[in-house]
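> After the structure tokens below, expect a handful of questions from me.
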Amino acid sequence: MAEVNVNLPGGGYAIYIEPGGLDLLGERISRLNLGDRALVVTDAVVADLYGERALAALRRAGVRAGLAVIPPGEESKSLAAAEGLYTQAIEGGLDRRSPIIAVGGGVVGDLAGFVAATYLRGVPFIQVPTTLLAQVDSSVGGKVAVNHPAGKNLIGAFYQPRLVVADVAVLATLPARELASGLAEVVKYGVIADAAFFAWLGANSEAILARDAGVLGEIVRRSCEIKAAVVEQDEKESHLRMILNFGHTIGHAVEAATGFARYTHGEGVAIGMYGAALLASLLGRCGRETVENVAALLGRFGLPTAARGCRAEDLTAYLARDKKSIGGVVNWVLPDGIGRVTICGDVPDEAVRQVLAAITG
Ligand SMILES: NC(=O)c1ccc[n+]([C@@H]2O[C@H](COP(=O)([O-])OP(=O)(O)OC[C@H]3O[C@@H](n4cnc5c(N)ncnc54)[C@H](O)[C@@H]3O)[C@@H](O)[C@H]2O)c1
Ligand SMILES: O=C(O)C(=O)C[C@@H](O)[C@H](O)[C@H](O)COP(=O)(O)O
Ligand SMILES: [Zn+2]
């Protein structure tokens, strides 16, 4: 078992990373001294696979939990879905001590967290991530949100969980495409903060794709350590935290321009990381070998580096709405090489145009 702690002024929390953690959920929650009612939010796929185990673990700890099941997929990150969950929370008699527990991927976590942040002006929030992407990224750090037709995560809050329980054994049932999607965010950590981790991912790619439990546990631990260290220094993204958005400027634009239907979030981020590396090399900020190394590792994991079926001009409109834009200027996160990035607000439009042409061409 590994434990990573996130230390924040408003209250820190533990991330428990272990196979079988789902069955210990009730025990872990009971140590937080919360109410004896809860709402478990999950999606239909995860409900079938793990819903009963989560409820049983809570029952053993004396917690009476209702189950709210949303349709799987990005479309559920909506205000309409949030309203359905508020109604279930009210009907379930949840009060200010009652936790909302997200059991699922990033969609479930972002939506349930948004509801936890706003129901009764905030109730305790617990994350039980079941995708690799959610275990390495979305369950940690407190970004919760729903989408707007104009872009990703445009309506949201910073609202930290009280506890994260990452059971790496549940990754055994994850479809291969979703495993790869999570690996995109893992590659991100290597590029932004840890060249040795990046190299280790390449050296262990076979074991990773074969889902070796020890290797996956190590990936989740190191990723959470890197994310926790950044969030501790800049919880509300006033500057440094933007580095966690490496690959997301183009990635979010690709997701939105294709109706959130063609690419998974991780695939969008993979295309965006390649685009950002290309941009950095065009500007002379990194060498061509950085672009090649990023492309090679993404390729090993079966991730895309081009946005087929997208037009460059469609992406441009979404870039302008990037949450890292200040006064109309997009802050790009660009690699200096593998293991270090710089936040750049002075990127010429012509270089961006060349990159968009290259990744859509
Ligand atoms: N808040 C953050 O910091 C943050 C970080 C990264 C991504 N995100 C958001 O997360 C979302 C993507 O999350 P995701 O990649 O987890 O996608 P997801 O939640 O859509 O899950 C992907 C698919 O896997 C299924 N699934 C989940 N767990 C499973 C399991 N153990 N076995 C089998 N199937 C399983 C789900 O039902 C779904 O069909 C995006 O909306 C993205 O914007 C948020
Ligand atoms: O935690 C962060 O900070 C991140 O940027 C992590 C990203 O992987 C994640 O996709 C996040 O939801 C993006 O946030 P947004 O502010 O660009 O909507
Ligand atoms: Zn992301």
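All residue numbers here begin at 1 and follow the chain in the order shown.
Every residue gets a Cβ built from N, Cα and C, even glycine.
All TrEMBL annotations are machine predictions without curation.
According to TrEMBL, the protein has these features:
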| type | residues | note |
| --- | --- | --- |
| DOMAIN | 69-180 | domain '3-dehydroquinate synthase N-terminal' |
| BINDING | Gly106, Val107, Val108, Gly109, Asp110, Thr130, Thr131, Lys143, Lys152 | NAD(+) binding site |
| DOMAIN | 182-325 | domain '3-dehydroquinate synthase C-terminal' |
| BINDING | Glu185, His248, His265 | Zn(2+) binding site |
> Taking just the CA atoms, what is the gap between Gly106 (NAD(+) binding site) and Glu185 (Zn(2+) binding site) in Å?
12
> Sort the binding-site residues Glu185, His248, His265 by C-alpha distance from Val108 (NAD(+) binding site) and give me just the closest.
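Smallest Cα separation from Val108 (NAD(+) binding site) among Glu185, His248, His265: His265.
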> Around the recorded Zn(2+) site, report the further residues of that chain (criterion: Cβ within 8 Å of the mean position of the Cβ atoms of Glu185, His248, His265; site residues excluded), sequence-ordered.
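My list of surrounding residues reads Leu133, Asp137, Ala184, Lys188, Gly247, Gly251, Gly266, Gly268, Val269, Gly272.
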> Check the domain '3-dehydroquinate synthase C-terminal' (182-325) for me and report the mean pLDDT.
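Within the domain '3-dehydroquinate synthase C-terminal' (182-325), the model's average pLDDT equals 96.
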> Per DSSP, what is the helix/strand/coil residue tally across the domain '3-dehydroquinate synthase N-terminal' (69-180)?
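Looking at the domain '3-dehydroquinate synthase N-terminal' (69-180) with DSSP, the answer is 50 helix, 30 strand, 32 coil.
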> What whole-number Å value do you get for the CA-CA distance of Thr131 (NAD(+) binding site) and Glu185 (Zn(2+) binding site)?
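Here the two Cα atoms lie 12 Å apart.
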> Can you break down the domain '3-dehydroquinate synthase C-terminal' (182-325) into helix, strand and coil residue counts using DSSP?
102 helix, 0 strand, 42 coil
> In whole Å, how far does the CA atom of Asp110 (NAD(+) binding site) lie from that of His265 (Zn(2+) binding site)?
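Cα-Cα, rounded: 13 Å.
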> For the binding-site residues Val108, Thr131, which one has its C-beta crowded by the most other C-beta atoms within 10 angstroms?
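That would be Val108, with the most Cβ atoms nearby.
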> Among Asp110, Glu185, the binding-site residues in question, whose Cβ has the most other Cβ atoms within 10 Å in this structure?
Glu185
